[in-house]
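Quick notes on the structure that follows.
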Amino acid sequence: MAVLAPLIALVYSVPRLSRWLARPYCLLSALLSIAFLLVRKLPPICNGLPTQREDGNPCDFDWREVEILMFLSAIVMMKNRRSITVEQHVGNIFMFSKVANAILFFRLDIRMGLLYLTLCIVFLMTCKPPLYMGPEYIKYFNDKTIDEELERDKRVTWIVEFFANWSNDCQSFAPIYADLSLKYNCSGLNFGKVDVGRYTDVSTRYKVSTSPLTKQLPTLILFQGGKEVMRRPQIDKKGRAVSWTFSEENVIREFNLNELYQRAKKLSKGGDMSEEKPGNPTPTAVPDGENKKDK
């Protein structure tokens, strides 16, 4: 079962993964990830390259290059143990493959290493990771609307994600959060998002650090009666996030979503709150002047 479950998940994710991989960002990232393999293996490119092989074959890996590639495989396997989505697995492979490529190119020739490093920098500056653009029941806030919405109707329970576009963890969590909003959104239980990378005063006001060192992104906060009730991840005394996995199961369990949903449904039936049926996606509500691509 330990092997079967990931295989089933991979097969289930093939259509979505193929669309994700077909985007320019992923294609270019894959090309950079196999750059050294192409240079070392494809003649006439490999002809004349320096090598430490005893047979002097420049178009095959030497023992040190094999060691580096094996070490890369071990690192990827260790990092992927905490990955939730297939996109996270592929993203880890891309990232560590580029690091290994840079080491291999610098070892081969410092000029080739500098050229590869320049290409990676240009890629990072010009290509942005694909954002999740699927169906969701999520309202996007700005620095003004978040406080107004939380105070507008205190009977409504809000779960708000504080995110930043540059965070890979936030991008990986986006489809999971969208699925949760489709399953649990109703008139008494709403889902929201705010870009603290864009609205820095919001991050200060709600004490969500945007520093990569604190690992506080993404942060989920539960609001009831306009007040914060709980958040994940929790913060230790040094201001760093306590390790927490943003999986669908963890969010449902930690935030008691099933109980919150049933309570919100009873509230909507007993009061004058309009009923919304989760599972049927509607256009995402965003503040004036913003759209999901801005996120």
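Note: Cβ is positioned from N, Cα and C throughout, glycine not excepted.
Taken from Swiss-Prot as is:
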- 49-102: topological domain 'Extracellular' (TOPO_DOM)
- 103-125: transmembrane segment (TRANSMEM)
- 114-269: domain 'Thioredoxin' (DOMAIN)
- Ser211: phosphoserine (MOD_RES)
- Ser243: phosphoserine (MOD_RES)
Number of Cβ atoms other than its own within 10 Å, given for Ser211 (phosphoserine): 11
Which same-chain residues, if any, lie at least 6 apart from Ser243 (phosphoserine) yet have Cβ under 8 Å of it: Pro233
Number of helical, extended and coil residues in the topological domain 'Extracellular' (49-102), per DSSP: 37 helix, 0 strand, 17 coil
